[in-house]
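Heads up: the structure comes next, in structure tokens.
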Amino acid sequence: MAILSIHNLDLSFGGDSLLKDVHLHVNPGDRICLMGRNGTGKSTLLKIVAGDLLPDRGTVRRDQEAKTTFLSQDLPADLTGSALSVASRNDPSREQGARQLLTRLAVSPEASVETLSGGALRRVLLAQTLATPAEILLLDEPTNHLDLDTVLWLETYLERLCKSHSTAIIFVTHDRAFARRLAQTVGELDRGTLYHHDCGYDEFLSRRDKRLSDEEAQWEQFNKDLAKEEAWLRRGVKARRTRDEGRVRRLLEMRNLYQKRREQIGSVEISLEAAQRSGDLVITTKDLSFSYDSVARDTGEPPLIKNLSTLIMRGDRVGIVGPNGSGKTTLIKLLLGELTPQTGSVRRGANLQPLYFDQLRSSLDPEKTLWENLGDGYDTVTINGKTRHLLAYMEDFLFSREEVNKPVSILSGGERNRLLLAKFFARPSNLLILDEPTNDLDGETLELLEQILLDYQGTILLVSHDRAFLDNVVTDCLVLSGDGTVQEYAGGYGDWRDRQNQDKTPRNNTDETKNTSPTRERNKPRRNETRLSYKEKQELEELPQAISALEEEEAEIHRKLSDPDLYRTMARQESGSGTEHDPGQLSRRLDEVGQELARAYERWEELEGRRED
């Protein structure tokens with residue numbers, strides 16, 4: 001028997017229908033995932049079910065005994081007290097459960113909510129939602145601000161909750177792995193209509209593609225009919241008779257329907273502004289350590305990052321993985337030079353142009369419009385040498401011309417992320433730093449973003465809790481344990497998990513165990529038994545700087561050879577006047593630098609392979 005029923009539900013904003021004739025039935029133990037593009041009304045539908053928003057038309061009926069609790073994307077501005085008081089809703093009977101949940105979510109129960117970050121506050125509200133007894137659980141992006149281990153825990157917790165208490169869950173998520181594990185039914189919101197798919201996530205994708213394919217065939221016939229009507233009108237029919245007036249009205253209706261479909265169906269188009277090619281050596285660290293707390297350093301407590309030695313090469317796509325508070329964002333700032341390590345060194349290669357998609361979204365001004373945030377006073381952007389009008393560029397990211405003057409403050413989380421992608425991808429880069437870029441993005445945009453990153457010719461540093469995104473994009477993982485140690489693994493998140501499981505499995509073959517190394521063997525050759533001499537250690541220490549200098553010289557020669565003034569200058573000078581203005585000499589020096597670079601890399605690989613731990 002249904003504990004929640006929705007019939008004939010309609011809702012409009014500003015004259016545009018967001019939800020049209022929506023029907024939904026929820027039974028005990030149901031696990032329903034709401035899918036759809038950003039801005040299609042998923043969060044709005046949850047607010048209606050929660051009773052926070054009234055529809056224009058339709059009914060929402062709940063079983064009288066069915067209680068509902070709701071985790072919203074919106075953070076309340078008036079929260080006060082301790083994390084425990086908020087999570088338990090000041091109910092003593094809930095304190096024990098709330099305390100356990102807060103501890104599992106890495107939030108101190110005694111912490112004041114006024115001092116917590118947005119991510120920590122979001123975890124307090126998740127604990128509050130889970131600690132509140134309810135028959136219907138509404139979760140809007142529950143995995144946001146959770147680390148990977150906590151997401152896995154949450155999946156198991158919700159599965160058990162549904163089985164043991166018959167709790168029904170309706171959730172919205174951008175995390176495909178989360179949806180794949182939890183969803184038993186998918187409700188797809190598309191252009192106001194809620195389509196029901198009585199299946200899991202993967203089968204839903206197949207059914208959705210078939211529905212859209214069938215719909216496309218119907219619209220092809222519609223377009224043929226529209227073309228016939230347009231041709232009839234062009235032939236000069238004046239519509240003097242009633243039947244002609246009706247045909248004109250039908251044509252106008254078809255035009256309106258065609259225009260609305262064009263606005264609703266648009267597809268995301270993302271391209272990256274390419275920068276000058278960086279050197280092969282992008283970032284190298286040696287024995288890097290860092291801690292924010294000087295007292296902790298004095299008392300001998302482990303630093304946030306401890307003795308990290310690594311090399312990031314051009315074209316690497318590195319995933320940075322670890323629990324909340326383990327130092328992922330700190331590591332990025334150290335690699336970029338925004339923080340200085342207490343010990344060790346960080347060297348960055350030649351011609352780096354980093355672009356930082358930051359977790360805090362601090363570059364968006366909520367009081368300004370979309371146009372003002374993206375244009376910065378200009379009405380055009382330049383992508384790969386081509387100038388485009390701002391309106392056309394914004395349409396690539398599914399923002400209509402009517403939306404460009406809206407303030408950012410009223411956008412959904414996913415729409416804000418799309419705007420941020422539009423703003424950042426209009427800037428040239430050869431080192432892309434993405435800190436939680438997938439939050440609130442719809443599946444279509446996620447898949448396109450993945451493809452763009454796979455085609456990107458530069459280097460990528462990626463922090464994400466989205467397992468599917470990590471598996472599909474990264475080539476290597478830096479895994480922060482939380483005690484300062486950082487391990488390196490070749491492959492994505494799944495590869496790291498597999499290696500972890502292998503390491504936990506007892507082996508009889510000791511040789512096989514010895515050969516299982518967590519380092520990235522692609523970039524760090526296997527060591528032999530010969531230790532480095534003092535002189536070789538000094539050489540290894542100096543090689544990255546020498547490689548960077550050669551790469552800078554190589555880039556400068558390329559710049560000179562591509563400068564037309566070089567050849568005009570040469571024509572005015574006598575032959576043999578020197579290397580600086582002689583293209584032939586410059587070309588020969590370019591070959592020499594390339595050979596020196598190859599020898600330097602080969603020597604570095606040899607010494608690195610023998611370096612002591």
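Here the Cβ of each residue, glycine as well, is placed from N, Cα and C on the backbone.
TrEMBL lists 4-216 (among others) with the feature domain 'ABC transporter'.
For Gly36, Arg37, Asn38, Gly39, Thr40, Gly41, Lys42, Ser43, the entry in TrEMBL reads ATP 1 binding site. In this view, Lys42 (ATP 1 binding site) is surrounded by 27 other Cβ atoms within 10 Å of its Cβ, with every protein chain counted.
The annotation domain 'ABC transporter' is assigned in TrEMBL to 283-508 (among others). Across the domain 'ABC transporter' (283-508), the prediction's mean pLDDT works out to 83.
Under DSSP, Ser326 (ATP 2 binding site) is assigned to coil, being neither helix nor strand in the three-state scheme. Residues or ranges marked as ATP 2 binding site in TrEMBL: Gly322, Pro323, Asn324, Gly325, Ser326, Gly327, Lys328, Thr329.
Under the heading region 'Disordered', TrEMBL lists 491-540 (among others).
The compositional bias 'Basic and acidic residues' annotation in TrEMBL covers 495-540 (among others).
Annotation source TrEMBL lists region 'Disordered' at 554-593 (among others).
According to TrEMBL, the compositional bias 'Basic and acidic residues' annotation covers 556-566 (among others).
What TrEMBL records for 579-592 (among others) is compositional bias 'Basic and acidic residues'.
The number of other Cβ atoms within 10 Å of the Cβ belonging to Gly327 (ATP 2 binding site), over all protein chains shown, comes to 25.
According to DSSP, Gly36 (ATP 1 binding site) sits in a coil region rather than a helix or strand.
In terms of C-alpha distance, the listed binding-site residues Asn324, Gly327, Lys328 place Asn324 closest to Gly41 (ATP 1 binding site).
The Cβ of Ser326 (ATP 2 binding site) has Asp147, Leu304, Leu480, Ser481, Gly482 as same-chain neighbours under 8 Å, each 6 or more residues away in sequence. Here Asn38 (ATP 1 binding site) comes close to Leu398, Ser412, Gly413, Gly414, Glu415, Asn417, Arg418, Asp440, Leu441, Asp442, Thr445: these same-chain residues lie at least six apart in sequence, with C-beta atoms under 8 angstroms from its C-beta. Cβ neighbours of Ser43 (ATP 1 binding site) (same chain, under 8 Å, six or more residues apart in sequence): Ser72, Gln73, Asp140, Val172, Ser412. Distance from the CA of Gly322 (ATP 2 binding site) to the CA of Gly39 (ATP 1 binding site) is 31 Å.
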